[in-house]
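Participant: Got a structure for you, written out below as structure tokens; questions coming shortly.
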Amino acid sequence: MDIKNKTNSLADRDIELLVGRLLRAGVITASCIVLIGGIVFLMRHGSAPMPSYHHFNGENMDYTTFGGIISNTWQLNPKGIIQFGVMVLIATPVLRIALSLFGFGLEKDWLYVAITTIVLCVMLFSTIGGLKV
Amino acid sequence: MTILTFTLILLAGSYLAGLLGSLTGLGGGVIVIPLLTLVFQVDIRYAIGAALLASIANSSGAASAYVKEGITNIRLGMFLEIATTVGAVIGALLAVYTPTNTIAILFGAILLFSAAMTLRKKNQVALTEGSKTSAFLKLDGSYPTPAGPVSYKLKNVGAGFSIMTLAGILSGLLGIGSGALKVLAMDSAMHIPFKVSTTTSNFMIGVTAAASAVVYLQRGYMDPAIAFPVVLGVLGGAFTGAKLLKRLDPKVLRYIFCAAIVFVAAEMIYNGFQHKF
């Protein structure tokens, strides 16, 4: 029993370290992408007058859907690149949950596998359900 | 004003917001929203979208350090994330049907509450007697201190869970981490030691904000030209703030900043009632 507890807490610690590393890597990657997109954006449009943000118009499909953002990034559209970085940033905590799910599975902690699955389902619901109501 | 000037001013402003948010413990998102709406006259919905992103960046950046130190209670965070993510999705959906002036007034009220929360006495005592629910959910834990690990137990799990749902709704509706409510749930209801509750709350903010950020992104509330300076600025400011916090005791600073925040909150509420949003 003692040995089992020990391996459990070891796996726990390992997963925690991995979670920490994933979070940092995600934020750094996202910031770099956003920075690159931002610099290109300023080089191309920096001297243009500032648009009015006083009235809310909403972004068009190019910057609100997965397909739109990917294809714009692919065409090196600076706004698309920034939005791609934004997606990476949003995906970071979601990936963190997936990693925790894997960790709880390794520990055979079924109660927490279930709890983590619920959280993941809510995230999935908001991703799919949030689309154009 | 050209886009370049706007971006540079916003970058500097977001940097200060991140710094202030980190020193007061309020989070950069809370300060970036009044900056965008009151100073730059940006529609509050764009401001909320950008603030959500700043919260995710801040939370993930800071959480990685805390998780490494072993203070964060990951099980507790995961369990309460059920409440906050469900709340966040509800809040993000409510945001579409709520008039912007109402959002601004609500925001001001929460800002006042958050400022008050940072000044109150913190719970340092670890419970030795926990509830059955807490034991069943394996929420009891321990955290390292210079004098060795301290074990703690939890109670009032149901009450904590309910407050967390409310925190999630407000987070989705207002685009903030609502760290103050999260700490209230964990500190006052569940009696978790302060160090654990703050770090666990921070850990959860990223997931909570991501749950509503997805909805905001798809609704077109995230403008790349605003997101870019805000995310980088707030992140940079928070990073500097974390470094400064190691060297100075922010007690006096905290009082000054909280006074400033009360002023900003009043401005938001006043403008909300004047229908300026």
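Yeah, the Cβs are placed from backbone N, Cα and C, and that goes for glycine too.
Annotations in TrEMBL come from automatic prediction, not curation.
Taken from TrEMBL, the feature transmembrane segment covers B:7-40, B:46-67, B:79-97, B:103-119, B:161-181, B:201-218, B:225-246, B:252-273.
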Participant: Checking distant contacts: for the transmembrane segment (B:7-40), what same-chain residues at least six beyond its ends satisfy Cβ-Cβ under 8 A?
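Facilitator: Those are 46-48, 50-52, 54-55, 58, 104, 107, 111, 114-115, 118, 174-177, 179-180, 198, 205, 209, 225-226, 228-242, 244-245, 250, 253-254, 257-258, 261, 264, 267-268, 271, 277, in sequence order.
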Participant: So, taking each listed stretch (B:46-67, B:79-97, B:161-181, B:225-246) in turn and counting its Cβ pairs to the transmembrane segment (B:103-119) that are under 8 angstroms, which one gives the highest count?
Facilitator: B:161-181
Participant: I'm a bit unsure how to read this: which one of B:79-97, B:161-181, B:201-218, B:225-246, B:252-273 has the highest number of Cβ pairs shorter than 8 Å with the transmembrane segment (B:46-67)?
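Facilitator: The stretch with the most contacts is B:201-218.
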Participant: For the transmembrane segment (B:79-97), find every same-chain residue at least 6 residues outside the stretch whose CB is under 8 Å from a CB in it, and list them.
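Facilitator: Result: 45, 48, 103, 137, 139, 160-162, 164-174, 182, 185-186, 200, 204, 207-209, 211-212, 215-216, 219.
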